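Written out below as structure tokens is the structure these notes cover.
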Amino acid sequence: MENLIAGLEMLARWDVVLALLVGSIGGVMIGAIPGVGPAVAIAIMLPATFSMDPIVGLTMLLGIYGSSMYGGAIPAVLINTPGTAVNALTSYDGYPMTERGEAHRAVSLAYSASFWGGIFGIGCLILLSPVLAIIAPMFGSREIFLAALLGIILVILAHRGQTFAAGMLAMFGIFLNTVGLDAVTYTRALHLWAVVPEFRHQPDRGRVGLVCA
């Protein structure tokens with residue numbers, strides 16, 4: 001409880017409030033640009049925070065990240081093009097409302113869902129953090145695999161009437177992830193030398209392995 005009160009006191013500072021306001025407005029504008037996303041915005045703004053107070057800089061970056069999730073819903077609703085990957089499902093319901101002349105209502109609903117969903121998620125995180133700290137170390141490779149499999153299944157089922165095409169694209173995405181370096185551990189994934197060891201000793205054919213790697 002003391003940490004929560006201390007955090008609220010920091011949030012009441014005028015410079016923190018200003019950083020949150022600037023980050024939120026900038027995040028909405030950046031999120032509304034399809035293909036940019038919060039990660040690119042944070043990477044661009046990160047050098048600017050080096051001269052700031054750490055609390056102020058982190059607050060601005062968090063404002064950019066959080067508000068860009070809502071900003072990505074704007075093009076998803078208006079032009080059927082999600083601004084971020086999170087807003088892909090928003091286009092399923094939001095764009096048909098735009099075609100019916102309910103674009104303003106669709107954007108308002110997206111904002112309300114983003115705001116109240118964020119408040120609810122933060123509240124759950126604060127209350128359940130002790131429980132999650134106990135459960136998280138119990139997750140191993142099997143649990144992570146099942147969670148990823150559940151996510152893939154839900155994404156496939158979300159494509160109404162196109163489950164086969166969605167399944168094939170999901171499998172293709174998994175195949176692409178087997179090449180190169182792992183995004184989390186930075187270990188080398190599958191390459192041709194692991195499948196056909198003879199290519200390691202044949203320079204001409206080994207070039208194919210380098211291309212695949």
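We number each residue from 1, going along the chain as drawn.
Glycine is no exception: its Cβ is also placed from the backbone N, Cα and C atoms.
Residues or ranges marked as domain 'DUF112' in TrEMBL: 18-187.
Among the features that TrEMBL reports, transmembrane segment is placed at 16-46 (among others).
The annotation transmembrane segment is assigned in TrEMBL to 58-79 (among others).
Listed as Cβ neighbours of the transmembrane segment (115-136) (distance under 8 Å, sequence separation of 6 or more from its ends, same chain) are residues 4, 66, 70. If you look up TrEMBL, you'll see 115-136 (among others) marked as transmembrane segment.
Within its own chain, the transmembrane segment (143-159) is flanked in space by residues 89, 92, 165-167, 170, 174, which lie at least six positions past its ends and keep a Cβ under 8 Å from the stretch. Residues or ranges marked as transmembrane segment in TrEMBL: 143-159 (among others).
Sequence annotations record features per position, and here TrEMBL assigns transmembrane segment to 165-184 (among others).
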